[in-house]
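Take a look at the structure below.
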Amino acid sequence: MNATATQAQTETRVGSTKRVDDGSTIWHVVVLVLAPATSAVAVWEFATSVPEQPLRGIDWAQSTAGIALPLLIVGAWLLARPRIDRTAVHTALMAFATLCAFGMTWSNPGLTGALSFIMPLTWLASPDAKRAIIWTVTIMVSAAVGLLAGGVFDPMSVVFTAVFIIALSCGIGLSIQKLEQQVHARQRLLEELQQSQDEVALLSAESAATRERASVLRDVHDAVTQNLTAIVMQSRLPAPDAALIEELADEALEETRALLLKATPRQLEDGVVTAIMRLAERFERETGIAVELDVRQVPQSLESEIVLLRAAQEALGNIRKHAQASNVRVSLSNASDGTTLCIADDGIGYDADRIPPGRGLQGVSERVAESSGEFTISGPSGTTFTVTLPVRGNA
């Protein structure tokens, strides 16, 4: 999976994160159920009561208020909800609820139970605990005044009821608000964790893509580029070897196919020893430089054999281009500390100031490091190119 696809999936996951229910849903249901229920009780009381005398205008007003006000409160709340975060809207809603609380208890003391939905509504609509407490007290005082104005002549009972409802409402409201804060904090942590996981996945994908690109660049340089360079140099000779050029071109083509298919390099089909021997023999044919071979069978995995082959290709390629050597010695041996590839020449030597390390040497160094091995290159009297890998059995 590439980095772009991973990023798209990250954005999809972040955008689709579900919010945790903070528990307020049930209180919305309570308000929406109890308000019509309160109006229904008022209707039932009006329908079943038998007045001792004909109803006066004030009686009709009280009955109408008891029926309509609970529904008006809920209607006002539903209208105000989308803009409840505005101070003016919140204040207007709470002031209206205060008037309704007075109207309901004044019209029918039995509707004091309507406070069971007005108080939760106060906490749902208020942006913070301070304003919720202030409006809880205000609404309850208004309801108490309504009770006294409606004919309840026991002030102590009214005061006791008001204090009890205020304390109960504030206690429940504060506990629910605390729970809501904890739920929101947990939700934020979950979102941050999800975002962190997505960022790690994205960085991991980008890192993998970067490593893959670096690996391809190394393979192209160590395998294909060396053959193409040899073809160019061979074609510039006064009498180019057409058969050798064709062989180099075929090998470059095979290497390219192997890279695209991530297959085993063709040179290693008969093992790394045979591959290095053929590489040295062809180098001698291409350049006319004498090559002394001392290679022995070594127990290595395919991955390590690829590292050794690419290192040998890079070393001989550098000798061809820079060393001006007459003789080259190639050795491959196995010892207790690992397998060692050593390629030495009697040329002008390696001078890092004159020939700074290029992509090829950097690629060899990276390959060897990934295999937990060691890579050294020394001069200036001739150049010795040494790679040592820990012994690993065939995979």
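Heads up, the Cβ atoms here are built off N, Cα and C, so glycines get one too.
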Checklist outcome for this item: Expected hit for coiled coil in TrEMBL across 176-213, 290-327 is 176-213
Item to check | Within-chain partners of the transmembrane segment (158-176) [C-beta distance under 8 Å, separation at least 6 from its ends] | outcome: 23-24, 27, 112, 115, 119-120, 122-123, 129, 132-133, 136-137, 140-141, 143-144, 147-148, 152
Next on the checklist: Should anything in the same chain at least six residues away from the transmembrane segment (87-104) have a Cβ under 8 Å from its Cβ atoms, list it; otherwise answer none.
Outcome noted: 38, 65-66, 69-70, 72-73, 76-77, 80, 111-112, 114-115, 118, 121-122, 125-127, 131, 135, 138-140, 142-143, 145-146, 149
Next on the checklist: Can you work out the mean pLDDT of the predicted model over the coiled coil (176-213)?
Outcome noted: 80
